[in-house]
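Trainee: A single structure is presented below for examination.
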Amino acid sequence: MVLLGKLNEQAIVDNLRKRFMANSIFTYIGPVLITVNPFKDMPYFTEKEMELYQGAAQYENPPHIYALADNMFSQCVIISGESGAGKTVQAKYIMGYIARISGGGQRLQHVKDVILQSNPLLESFGNSATVRNWNSSRFGKYVEIIFSRGGEPIGGKVSNFLLEKSRVVHQSQGERNFHIFYQLCAGADKNLKTNLGITTLDYYNYLNHSGCYTVDGIDDAKEFKQILVSDGIFNRNKNSTMLKNLAM
C-alpha cells in the first residue's frame, strides 16, 4: 500500500477493493496488516501455507495472517475493527498457526489443545447474534501464550474485559442474548432439562422479548455438545456447577 502513487483515502479504498475482487483479502500498510472479511471460506489457510510462511521474511510472500503470526512470538498483536470485520476468525488463525509450527511432544500438545479449545467456550459466554453479525464478540480479550526458551508453548492466559453485561437483561429487536443460553436449551437432553428445571426459550423474559431465538449458520445444540466435551476446560463436576448457575 505504501507504494501507491497517491496515498489518500480514495486510493486506499480503491486498492483494497481491487485486491478483494481478486480474492486477496490481506493487504500490508507497512507493518500493519489489513483484512477485508470475505464472509466465506478462502482456500489459502492450509498446511501448505503454514509451511510457506514459517521462518520467511514478511515481504517474501504475499500478505497473510500467517506472516504476521510468524513475527509475533515476542510481541503483541492488536486485532481491531468494527463488528463483523473478522477479528475473531483472524485470532483463531493466528493461534492455529502457532500451534502448528511450534512443535513439541504430548505435554505441549495438551497446552495447545487447551488454548485452542478455549475459543468456543469464550464465544459461548461472550458472543451474541446482532443485526450486523451472527457471532459478534461482546467483550474484549487479551490472550497471552507463554513459550519456553526453545520456542514451545508451555502455558497460556486469557484475560477478558469490557463484557457487555447489560445484554443479559436487554437485547434490541432481532438480536439475541449470549449464545450459551440458547445452546443450553437446544442441546440439553430431556433428563438434563428435568434436573435443571429448564423449559423452552419463549418462557424466559430475558430471552423472549427480542423475537430472535435461532440464527442461520449457528447450530446451538452442536455448539453445546462441543463445550461439554472440551478436554482440559471443564471436568464433570465443574460442568454441573456451571449448568446449574446458568439455569438459575
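Yeah, the Cβs are placed from backbone N, Cα and C, and that goes for glycine too.
Pulled these features from TrEMBL for this protein:
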{"type": "BINDING", "residues": "Gly81, Glu82, Ser83, Gly84, Ala85, Gly86, Lys87, Thr88", "note": "ATP binding site"}
{"type": "DOMAIN", "residues": "1-248", "note": "domain 'Myosin motor'"}
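Let's see these features in context: how buried, what's close, how far.
Mentor: Non-local contacts of Gly86 (ATP binding site) by the CB criterion (under 8 A, 6+ apart in sequence, same chain) comprise Thr35, Asn37. Under the three-state DSSP scheme, Gly86 (ATP binding site) falls in the coil class.
For the domain 'Myosin motor' (1-248), the model's pLDDT averages out at 86.
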Trainee: What number of additional C-beta atoms lies within 10 angstroms of the C-beta atom of Ala85 (ATP binding site)?
Mentor: 16
Trainee: Beyond the listed site residues Gly81, Glu82, Ser83, Gly84, Ala85, Gly86, Lys87, Thr88, identify every same-chain residue whose Cβ lies within 8 Å of the center of their Cβ atoms for the ATP site.
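Mentor: Close Cβ neighbours, site residues excluded: Asn37, Asn133.
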Trainee: Among all the protein chains here, how many other CB atoms are within 10 A of the CB of Gly81 (ATP binding site)?
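Mentor: Its Cβ shell of radius 10 Å holds 13 other Cβ atoms.
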Trainee: Would you please pick out, from the binding-site residues Glu82, Ser83, Gly84, Lys87, Thr88, the one with the fewest other Cβ atoms within 10 Å of its Cβ?
Mentor: Glu82
